[in-house]
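**Q** Below, the features straight out of Swiss-Prot:
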- LYS15: active site (ACT_SITE)
- PRO102, VAL103, ALA104, ALA105, GLY106, ILE107, GLY108, GLY109, GLY110, SER111, SER112: ATP binding site (BINDING)
- ASP142: active site (ACT_SITE)
Amino acid sequence: MSTADKSLSGWAPAKVNLYLHVGPPKPNGRHDLESLVMFSGSGAADHLTAEPAEGLSLSVAGPFAAAAGAGDDNLVLQAARALQAASGTQQGARLSLKKWLPVAAGIGGGSSDAATALRLLTKLWALDPNHAIALAPGLGGDVPVALAGQPSLMRGEGERVTPLPALPPVYAVLVNPGVPCPTGPVFRDHDAAGGGAGFAEIDPPPEFSGPKAFAAWLGQQRNDLESPAIARVPEIGAVLEFLRAQPGVLLARMSGSGATCFALCEALAFAERATAVIAHDAHKAHWWTAASRLGAAP
């Protein structure tokens, strides 16, 4: 059976910014960035299915379906329409998204959904993969790295992606305090404070003997948006304080523009223990959390 006669499905994992250096605002209002990115496993991911149809449609289910929406502003539909336009295809698809990742949370959920849509539809419609690669930057800064799906160094406005396959896989716990953190205001606060004045690209990471050496090197880096995000959403600070107090944690930091934070752990058992502690704490019952291996996208 050809791909045109069957449905395809794939995971859209969380994107974790292990560090994020942000330059000053450019004339276009955007910023040059440098970030080391890894992806969660299927235990911390959305799931997308695409099947042949006459037109394009999207349905969304799952705990964060209402926040994501299924309208024209959903990046999955935007990606599908952009791919139709770029390729000239008249084919359609029925898209079904299970939304397990929190929205506007600093882990690139919408961008990962869009990248997965591009991958699935490229196969379903039997298109040249270069169409998806070319249009990805126009969908958002995180879409190119999500489309690559590999541990990568992300530079420029997100369009310069360098895979780093030699990085050791690590284990992490992801935690979101259940409070939205607005990306635009966080960047504006960063800019108003003179952030990015000394921005310069650093050398790519060296080879590491293991997770501890990797975490030690990451500890010399930073997330430039962490302080302005905490100023707007103090709960982020509470999450980081909690994570840093857990056994087996090598590094705790915010991802992206927040509010999701992560802790790299010596082993998966430590990450799972942290999720269990949260699950049994009534004061943290509204926190979203997941334990996962970080590496290439599933």
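Cβ coordinates come from backbone N, Cα and C, glycine included.
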**Q** Rank the binding-site residues PRO102, GLY106, GLY108, GLY110 by how many other Cβ atoms lie within 10 Å of each Cβ and give me the one with the fewest.
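**A** Lowest Cβ count within 10 Å among the binding-site residues (PRO102, GLY106, GLY108, GLY110) is PRO102.
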**Q** Around the ATP site formed by PRO102, VAL103, ALA104, ALA105, GLY106, ILE107, GLY108, GLY109, GLY110, SER111, SER112, which additional residues qualify by having Cβ within 8 Å of the site's Cβ center?
**A** ALA14, LYS15, LEU101, GLY256, THR260
**Q** Would you kindly give the Cα-Cα distance separating LYS15 (active site) and GLY108 (ATP binding site), rounded to the nearest Å?
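**A** It is 5 Å, counting Cα to Cα.
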**Q** C-alpha of ALA104 (ATP binding site) to C-alpha of ASP142 (active site): distance in Å?
**A** 12
**Q** Given LYS15 (active site) and PRO102 (ATP binding site), what distance in Å do their CA atoms have, once rounded to a whole number?
**A** 12
**Q** At the level of the C-alpha atoms, what whole-angstrom distance separates GLY106 (ATP binding site) and ASP142 (active site)?
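**A** Roughly 10 Å, rounded to the nearest whole number.
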**Q** Which residues does SER112 (ATP binding site) neighbour through Cβ under 8 Å, counting only same-chain ones at least six apart?
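**A** Within the chain, SER112 (ATP binding site) has Cβ neighbours under 8 Å at ALA12, PRO13, ALA14, LYS15, PHE39, ALA45, ASP46, LEU101, ASP142, ALA146, ALA297.
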**Q** For ASP142 (active site), what is the tally of other C-beta atoms lying within 10 angstroms of its C-beta?
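**A** ASP142 (active site): 26 neighbouring Cβ atoms within 10 Å.
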